[in-house]
Amino acid sequence: MQSAAFTFSPSLPLRNPSPNYWRRPSLSLRLSAKHGNSNSDDVNSNGVSSTFFTRRSWTLPPSSSFKFRPLPPRAAESAVPESAPVENPLFKTLELGALFGLWYLFNIYFNIYNKQVLKAFHYPVTVTVVQFAVGTVLVAFMWGLNLYKRPKLSGAMLGAILPLAAVHTLGNLFTNMSLGKVAVSFTHTIKAMEPFFSVVLSAMFLGEFPTPWVVGSLVPIVGGVALASVTEASFNWAGFWSAMASNVTNQSRNVLSKKAMVNKEDSMDNITLFSIITVMSFFLLAPVAIFMEGVKFTPAYLQSAGVNVRQLYIRSLLAALCFHAYQQVSYMILQRVSPVTHSVGNCVKRVVVIVSSVIFFQTPVSPVNAFGTAIALAGVFLYSRVKRIKAKPKTA
């Protein structure tokens with residue numbers, strides 16, 4: 001039986017050794033190869049014994065022609081490739097579909113619960129304050145428990161966000177005023193005119209003039225809303241103008257955000273901005289509600305008015321939770337898709353809300369009214385598609 005032993009030594013001359021190679025402690029290695037049959041426990045099936053790390057010196061017989069060159073650290077690290085995590089497209093699609101489903105579901109339940117509250121409690125300013133109050137508690141809960149990163153705010157940032165909070169407050173207040181006066185389906189049909197006011201306000205304050213394609217898409221929107229309004233069974237001017245005012249304020253918020261160009265820090269994403277606006281809206285509207293409507297949400301007053309206190313409180317809480325949930329999910333979707341895709345999804349959301357409210361509240365709808373609503377929503381869909389078409393620059 002023959003055996004051969006290899007031992008490495010630092011005395012072996014290397015090819016242009018670099019001093020950096022010997023900064024780390026040298027690895028002591030001892031190999032023993034045996035030929036022939038052996039029953040030794042320290043020899044594996046390949047005839048190589050186990051590795052020992054007890055010696056720091058390497059020796060090799062001078063007659064050996066074996067050359068040993070240490071592997072540079074970077075080459076050693078790159079020798080074993082790390083497998084990068086690959087996102088599953090199917091999982092990504094399912095996640096996005098689930099977010100869209102939650103967005104629509106929260107919208108449906110918000111409009112149903114909110115309408116039930118406003119039918120029993122005719123104080124839209126107080127209802128809006130309650131919704132902002134619940135949102136403020138949710139925001140404080142997320143920031144307090146570090147569920148979401150707390151932003152670092154300066155006075156200049158708060159001053160820039162204040163106009164956005166003001167128009168956001170008015171937009172939600174006018175929407176609740178309209179929902180308290182007319183059917184949910186009619187309010188959302190009127191709110192389909194948001195693209196019209198967006199184009200008008202952008203041209204007036206930003207100098208962004210629409211393309212002929214965009215102007216053409218506004219015709220069915222205006223015509224459809226007019227046709228639906230004429231044939232609406234629950235029509236009244238207070239509900240109509242409140243919904244129109246909601247369109248103006250909501251689109252003013254978008255224009256102001258573009259014009260002000262809020263200087264955001266890294267932590268100021270859309271969800272954080274919405275959270276700050278919610279808190280500011282509560283503090284802006286609470287004194288107005290007390291001044292205009294008084295303190296009407298107490299159990300004593302509600303019992304004296306013949307209202308089921310427990311039912312009203314539960315529905316108000318659910319409406320507020322659904323309101324903030326669909327807003328949060330909407331921003332999460334916007335972070336994952338393009339604005340055009342989000343606009344199309346918003347158009348589909350309005351259709352889902354109108355149909356579900358008609359079914360739930362058994363709202364009478366004439367064929368002409370349904371046709372006008374369908375034309376308006378088709379115009380909104382067309383607007384979301386042609387908005388990305390840029391006008392050709394004029395050549396001299």
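Keep in mind that glycine also has a Cβ here, set from the backbone N, Cα and C atoms.
The domain 'Sugar phosphate transporter' annotation in TrEMBL covers 95-384. Summarising the annotation, TrEMBL assigns transmembrane segment to 96-113, 120-143, 155-175, 196-215, 221-249, 270-292, 368-386.
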Touch test for the transmembrane segment (120-143) and the transmembrane segment (270-292), at least 3 Cβ pairs under 8 Å: yes
Leading contact stretch, 96-113, 155-175, 221-249, 368-386 vs the transmembrane segment (270-292) - CB distance under 8 Å: 155-175
